Every structure is written in structure tokens, then in C-alpha cells.
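See structure below.
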Amino acid sequence: MRLILLGAPGAGKGTQANFIKEKFGIPQISTGDMLRAAVKAGTPLGLEAKRYMDAGELVTDELIINLVKERLQDSDCANGYLFDGFPRTIPQAEAMKQAGVAIDYVLEIDVPFDEIITRMSGRRMHPASGRTYHVKFNPPKVEGVDDVTGEPLIQRDDDKEETVKKRLDVYVSQTKPLIDYYNNWAQKGDPSTSLAAPQYRRISGLGSVDEIRARVFDALK
């Protein structure tokens with residue numbers, strides 16, 4: 001099972017990724033984790049990545065792809081892998097294809113943006129304990145204060161509506177085009193590569209966690 005999980009920020013990808021990993025016994029591959037591990041291990045690719053990072057520059061797509069290829073040689077990838085947050089752009093997807101990285105499924109978790117804004121902007125946190133609440137789905141007993149201590153709750157900057165909307169704008173401009181890219185490849189094929197086209201699946205990310213998990217597993221049969 002080799003797959004890419006797509007969806008907007010707040011669509012619930014992280015929760016469903018954990019279910020997929022457990023069911024199929026595959027690792028979740030995050031480029032951020034890969035970069036940190038390679039830098040820590042001092043591998044040639046890690047040292048190259050460190051030069052970019054120390055200079056405050058973005059690591060090149062070519063280097064990321066080489067890290068991906070190196071990571072896929074590890075024994076835990078024998079039964080497959082789950083890409084999390086990669087590729088983010090069409091050039092990265094093209095580079096993966098040219099590098100011969102095989103993908104069986106591209107799974108999109110689709111949630112309307114107004115629902116995502118409600119989900120994310122409604123989060124509240126008690127800083128000292130890390131306890132989390134939601135003004136709509138899991139409200140505190142008394143509005144704005146922690147159930148245990150009575151101390152005030154905060155809204156993280158990342159959860160403010162303005163920030164959420166900016167993240168969704170970036171998703172629309174950079175990552176959403178990947179959906180069309182993979183859908184077209186799945187439907188029409190691509191004579192420029194010997195790789196089999198992945199199957200593209202879209203599921204609704206609305207409903208309970210268990211309902212969405214059932215849809216995910218149905219889509220991957």
C-alpha cells in the first residue's frame with residue numbers, strides 16, 4: 001500500500017493517517033521528519049540539506065526527492081508507505097514521477113472550507129496543561145475558562161480565523177492543483193513514464209472520526 005494523502009489544513013488527515021498506518025503496517029513519511037533525521041545522522045544528503053537550512057533557504061526539490069528515495073530503501077517501507085504533506089506542488093509531483101517513486105492510491109479528504117474555518121478557529125487551549133476545547137464541539141463548562149483550574153483559555157495564533165484563511169489560500173494556489181494532476185493521470189495515463197497510474201479517490205471528511213475512517217478503508221480496497 002503506497003499512497004499520498006491530500007486535503008486542506010484541518011481536514012483531518014493526521015487522524016486518518018494514524019488509522020492507515022496501523023491497518024496496513026506502513027510508515028508515515030514526512031519530509032520534515034526526514035530532513036531532521038538526515039541532518040542529525042550527518043549523511044551526505046543531510047549535510048547538504050543543513051547548508052540550505054543554516055542559510056535560511058528552502059531545501060531544493062531535487063534534494064528532497066533524493067531524501068525520499070533514500071528513505072524508501074529502509075526495511076519498514078517494504079510493505080508500502082504513506083506520504084504526509086508531500087508532494088505539495090506539481091513540480092514536486094513531477095519529480096517524484098521521474099524518480100520512479102511508485103504510488104498506488106492518491107486519497108483526498110474533502111471538507112468544505114467554511115467547515116474547516118469553524119473547526120480550526122473554534123479551538124481553545126489552556127496553556128499550562130495543554131488541555132484543548134472547542135467552542136462548538138467540546139466547550140468548557142464555563143465559557144472561556146479551563147474546567148479544572150478556572151484559568152483563562154487562549155486561542156493560538158495558528159487557529160485565528162485570519163491565519164486559517166491564509167493557510168487555505170496557500171493550499172488553493174499550491175496544493176489543490178495536485179488533485180487535478182493526479183486525477184488526470186489516473187484517468188488518462190501518462191506515456192512519459194513506465195509507472196502505473198495511481199488510483200485517485202475522494203472521500204467526504206464530514207461526519208464522525210469512525211465514519212470517515214470507514215470511508216477511507218472502503219476507498220483503499
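Just so you know, glycine gets a Cβ as well, placed from its N, Cα and C.
The ATP binding site annotation in Swiss-Prot covers Gly10, Ala11, Gly12, Lys13, Gly14, Thr15, Arg123, Thr132, Tyr133, Gly207. All protein chains included, Tyr133 (ATP binding site) registers 21 other Cβ atoms within 10 Å of its own Cβ.
Summarising the annotation, Swiss-Prot assigns region 'NMP' to 30-59 and lists sequence analysis as the type of evidence. Listed by sequence, the residues of this chain that lie at least six past the ends of the region 'NMP' (30-59) yet keep a Cβ under 8 A from its Cβ atoms are 66-68, 70-71, 84-86.
The Cβ of Val59 (AMP binding site) lies under 8 Å from the Cβ of Leu35, Ala49, Tyr52, Met53, each of which sits 6+ residues away along the same chain. Residues or ranges marked as AMP binding site by Swiss-Prot: Thr31, Arg36, Glu57, Leu58, Val59, Gly85, Phe86, Pro87, Arg88, Gln92, Arg156, Arg167.
As annotated by Swiss-Prot, region 'LID' applies to 122-159. In the predicted structure, the region 'LID' (122-159) carries a mean pLDDT of 96.
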Return the residue, from the listed binding-site residues Gly10, Gly12, Gly14, with the maximum count of other C-beta atoms within 10 angstroms of its C-beta. Gly10
Cβ neighbour count (10 Å, all chains) around Phe86 (AMP binding site) is 18
Looking only at Gly10, Ala11, Gly12, Lys13, Gly14, Thr15, Arg123, Thr132, Tyr133, Gly207, which the record lists for ATP, tell me the maximum pairwise CA distance in angstrom. 20
Cβ atoms other than its own within 10 Å of the Cβ of Arg123 (ATP binding site), all chains, total 21
